[in-house]
Structure formats: structure tokens, C-alpha cells
């Protein structure tokens, strides 16, 4: 009979098999695991990679009191087929005799739940072969589709914002941002609570809630200021300024955490800033107020990322981006509603009046708001299914694609000097990312 594993710590979600990398079951992933062992009243905690010691540790133990495996993993080239492949392995070795038990168990504090668990026996035949080529092919197409969706939603919401705020004449950026946040609140809840796309993480304390509220406030400022800038600046120049985010991130990180980067990292920021200065001088549609708003939006975006690293740094308070959006978006609506009523008087009545003349404005707002959510969703999925390097390259290319598409659609005038400045900024961002990677 399989040995019984009893679990009785605080509330846990315990995956029994999904992410093993022992010699007998080789899942080709980078796995990071935390093992919590309770023996004789002494709690020990160690962090390491899944390896052969886990099998020996438990197989040589006469009685297993507690077993908990919590993992964070970054997918490799196998990408999407991991879920199908791991399911195939779990079906092959799970349940019955000689396999790894399969399932999730939620354990309440103070309770104890028996879970049946066995390691593969020496007689088991374990396959070390890679997933079938057909599975790899489907994964490749899935990843390409994700990237295409990410690009489409990012560039689409940017261009539609520009069209509404500038070309269409809908001059209410705060109300537009509130529509975005409302859609993000509703769709995030549907995706997490109903569709179970990711496990729901709960806010554990009042302090954590206040931290999330502070992040939401900075997030509101960055989005509103960014939308205001689109009223006055072409998308191409807006993207050039937005590319300076690494500069502001480095500045805020130093001011708030006294974190110093390698000297080479700071050197790479010179072309980032120089490029924007050159682009500003050569921009035919330069507008000072729009420029200030775009700089403020970029700085606020960098401040949010630094604050998030500071405020939500403990293991118990970290939230994935989907859950963070779930809590930040409704808080943002609370911030934006009074601002809309005060600063954009009678915007709802004006919108309804516009809708009576042109019903398309309602569809524009609904589609734009849904697209704003899909920007966050696709960003999360692309981050999950690609490597950090791939994400970095795609992110740098996305800005350039947005610039080209916006010029083709809006026909805004561009100068050679402006394009050279933007190119220099992008080149600086690439050098900065490479320098950061080498300094780690």
C-alpha cells in the first residue's frame, strides 16, 4: 500500500505531481520549488531545484508527516504543450501502484488530510523522450498566435485611443480611462473567478490592500496622462518618449532603494535620453503640454514598477499580474469617478448626445475598453509562454511596429531627424537591456 502523506499546516494548495524533475520523471522545465518539512515539531524550509535528492529524501523516510510543493516556473521552448505533456506523464504514472499521485488538495488550518503518494519503483519504465513533433508544432503556432494577439491589442488600443481623443473629437481622457478600468475589473473577475485562467489570490491584510491602492493611484496617473498626451502628440512621438521608461526606472530605483547599477548600464541610458532630445527637436507636430504629459506618464509607469517591487516584495504579498489587475482596476475606478465628474463636467450626457447622432461612439468605447483588458491578458500569456529574452526582443520591436502603423494610418508628418532620434532611443533601450542582463 502506498504510504500516507498527512498535511496539516495553514491553508495550502498542494500540487502532488505536476512539476517534478527527478531522475525518473524528466519534465524539461526550469522549476523552482520550496519544500516545507515538518518533523518532530521542528519546521525546516529549504529552496532548491527539483533533483534526485527529493526522491531519496522521501523514499528513505520511514514516515512522511508533511509534503508540500510550491513552484514557480518559467517555460522553455516546449511552451504551451507543457500542460498536455505533463498530463500525459501524470496519466501514465499517476494513481494506482508505483506512480505519482495526481491532484490538488485544499487543506484548512488545523485539519489533516490523507493523500496517497508513491514514487516510481525500479521496475517502472520511464520514457525520457521529448514531446512529439506534432505537439511542438501546435505549441509554436499557439505562441505565434499569442504574440500576434499581444501586438494587435497593444497597437490597437493605442491607435483607437488616438483616434477617439484626437481625430474623432472625444476629448475626455479621464472618462475613457475609467471605461478601461471598468472593463478590466469585470473581465478580470470573469477570467479568474469563472473561467479559472489563474488561481485567485486573496488580499491577506489591510496593509497589503493599502499598498495595492497606492499602486493603483500611480497606475491611474500614468494611464490618464498617457491618454491626455495622445490628444496633442502623434503616436510615433508618443512611443519615442515612452521608450525612455528604463531611464526613469533607473532613477527611481536609485532614489528609493539606493540601488546602484553597473557603470555600463548607466552609460547605455545616454543614447536613450539623447534620442528623445533629437526626436523632440525634429518633431513637426511638437506640442509642449502634450510632451510634458507624456514625460509624466512615462515617469509614473516607471515609478509603479519600482513601487511594486518595494511594496509587494514579500512572498506572502506577491500577486501575479492578472490578480493584481483584478484588485487594482476597481480601486482605479473609485479614484477616477470623482475626477471625471469634477474635471470633465457632464461627460456622460455629452457621450449620450453624441451617441444619438452617431451610435458608433458607443461601440468604439466598448471595443476600446475590452481591448484595454486584452492588452493585460495577452501580456500575461506571452510572458508565461515565452522566455525573458524573447519577451524583451518582442517588446522592443512592438514600439517600432506601432510607430510604422500609426504613420501609415494617420499620415502624420515625420522628419528624418525625428526618426533618427527614435531609432537611437530604441538602440539605447536594447543596449540597456543587454547590460542589465550581463550585470546579473
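Just so you know, glycine gets a Cβ as well, placed from its N, Cα and C.
The domain 'Sugar phosphate transporter' annotation in TrEMBL covers 146-433.
Look at TrEMBL and you will find 172-195 (among others) tagged as transmembrane segment.
Annotation source TrEMBL lists transmembrane segment at 207-230 (among others).
Under the heading transmembrane segment, TrEMBL lists 236-256 (among others).
Long-range neighbours of the transmembrane segment (263-280) within the same chain, counting only residues 6 or more positions beyond its ends whose Cβ lies under 8 Å from a Cβ of the stretch, are 237, 240-241, 243-244, 246-247, 250, 286, 291, 417-429, 431-432, 434-436, 438-439. What TrEMBL lists as transmembrane segment is 263-280 (among others).
Distant neighbours of the transmembrane segment (286-303): 218-219, 221-226, 228-229, 231-233, 237-238, 241-242, 244-249, 251-252, 280; these residues of the same chain sit at least 6 beyond its ends, with a Cβ under 8 Å from one of its Cβ atoms. Sequence annotations record features per position, and here TrEMBL assigns transmembrane segment to 286-303 (among others).
The feature transmembrane segment is assigned by TrEMBL to 324-341 (among others). Panel annotation: around the transmembrane segment (324-341), residues 172, 174-175, 177-178, 181-182, 184-185, 188-189, 192, 200, 203, 209, 212-213, 215-217, 219-220, 224, 308, 312, 347, 376 of the same chain, lying at least six beyond its termini, place a Cβ under 8 Å from a Cβ of the stretch.
Taken from TrEMBL, the feature transmembrane segment applies to 361-382 (among others).
Counting only same-chain residues 6+ beyond the ends of the transmembrane segment (389-410), those with a CB under 8 A from a CB of the stretch are 147, 150-151, 154-155, 158-159, 162, 167, 234-236, 239-240, 242-243, 382-383, 422, 426, 429-430, 433, 437. Annotated transmembrane segment per TrEMBL: 389-410 (among others), in sequence order.
Sequence-distant contacts of the transmembrane segment (416-433), counting only residues of its own chain at least 6 positions beyond either end whose CB sits under 8 Å from a CB of the stretch, comprise 236-237, 239-240, 243-244, 246, 265, 268-284, 392, 396, 399-400, 403. Among the features that TrEMBL reports, transmembrane segment is placed at 416-433 (among others).
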Among the ranges 172-195, 207-230, 236-256, the one whose Cβ pairs under 8 Å to the transmembrane segment (361-382) are most numerous: 172-195
Taken over the domain 'Sugar phosphate transporter' (146-433), the model's mean pLDDT: 91
Surrounding residues of the transmembrane segment (207-230) on its own chain - C-beta under 8 Å, 6+ positions past either end: 158, 161-162, 165-166, 173-174, 176-177, 180-181, 238, 241-242, 290-291, 293-294, 296-298, 300-301, 303-304, 307-308, 311-312, 317, 319, 324, 327-329, 331-332, 335-336, 339
